[in-house]
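Chemist: Structure in structure tokens, see below.
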């Protein structure tokens, strides 16, 4: 072995010897720190009371800084208008009687003690909606050598919140949480928020509500019971409902059904399913209305989606009633009156050309001019029947009788053609009305659906 290895062995031996000499001193060092903390605790609380405000001058207001961290939205009860939150509340103030010199206690500048041993501000939630009495969290406070006290406590709060569901399910809510002292006025205790808003760094996302922010605002109010002002801090929680589930489960089916309802005007009248389609659509909307009533929170005003359902059901009802009336026009029998002249001009003329309602082989934009039904010619009765039977085979009286029979057949045929033409005009008029109301109701359903769906964007 060389000289280098001897030096390395010697240095290791010296280091091991030093550690062995320091080991007995470590418990004494830690024990000294613990003894100093006990001594500091006894010195601080020898003549201390937590019943009085810790200020050197009783006329001086004690400043309390309030900080709130939103951790979770537990529940939003729209029916009872109660908001349940899980918060972390931090309060900081200065205790004039809990100060010490760190050098006198081995550099000890902070200790942690139970919060029940020190004075605590009676800051509570004003708009509390819980019947139980407020309970203080059994957490420690951090006490620093300059008298600064920091108290961090978790809390589950139930606060009242006015819920406006007029725009449900695209509604936004504003829920305020007002904190302030219950017995100390502004001349004794002043509350200030830390920062312009509550912290959302540790917030757990909610499946139904999206948090837009939680700004803080300080107010100073004077109540009727007392003459002195009372400061408070209000944290306003801004929420917006996540409407994706409601759109997929309640809104889109209603939109599709409402777009299906006007198609009853496009069905042929001879199919016999025009009225059945309208009634089926109305029953489907009624079922969805019952499902909506179960999931929709109660409110003074009708929510947006409720108005949409009622408007859609009203539209389907009117379309079904109009379908029945148009069916009556379609099935007008031969005994019906002819189509009025104004209806023949406006509906069968101009409106039919505008809606491209035409006969087979007729180009769009041109309608067949209404034909006037020829008046049947009565048989010629000027020539009366022959005075008596004629036995001549080529007598003119036989030809006159034949002409009278032909005239009777011709008149009967003309009357039948006139009745058939009148019936065809009523059927064509029903077809024009079907095409007209198809465009009207389909446009109404499309506009209403777009107005509601645009709220989701």
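Just so it is clear, glycine is given a Cβ too, placed from its N, Cα and C backbone atoms.
Note: TrEMBL annotation is automatic and uncurated.
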Chemist: Choose the correct range: of 177-196, 197-216, 217-236, 277-296, which one does TrEMBL annotate as transmembrane segment? Give that range.
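Modeler: Of the candidate stretches, TrEMBL labels 277-296 as transmembrane segment.
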Chemist: Looking at the candidate ranges 308-327, 328-347, 348-367, 368-387, report the one that TrEMBL labels transmembrane segment.
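Modeler: Checked against TrEMBL: transmembrane segment maps to 308-327.
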Chemist: If we skip the immediate neighbours and take only residues 6+ beyond the ends of the transmembrane segment (243-265), which ones have a Cβ under 8 Å from one of its Cβ atoms?
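Modeler: Long-range Cβ neighbours of the transmembrane segment (243-265): 168-170, 274-275, 277-278, 281, 284-285, 288, 291-292, 295, 305, 308-309, 312, 315-316, 319-320, 322-323, 326, 434-435, 437-438, 441-442, 445-446, 448-449, 452-453, 456.
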Chemist: Determine the mean pLDDT over the domain 'Neurotransmitter-gated ion-channel ligand-binding' (38-242), rounding to the nearest whole number.
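Modeler: So the average pLDDT across the domain 'Neurotransmitter-gated ion-channel ligand-binding' (38-242) works out to 91.
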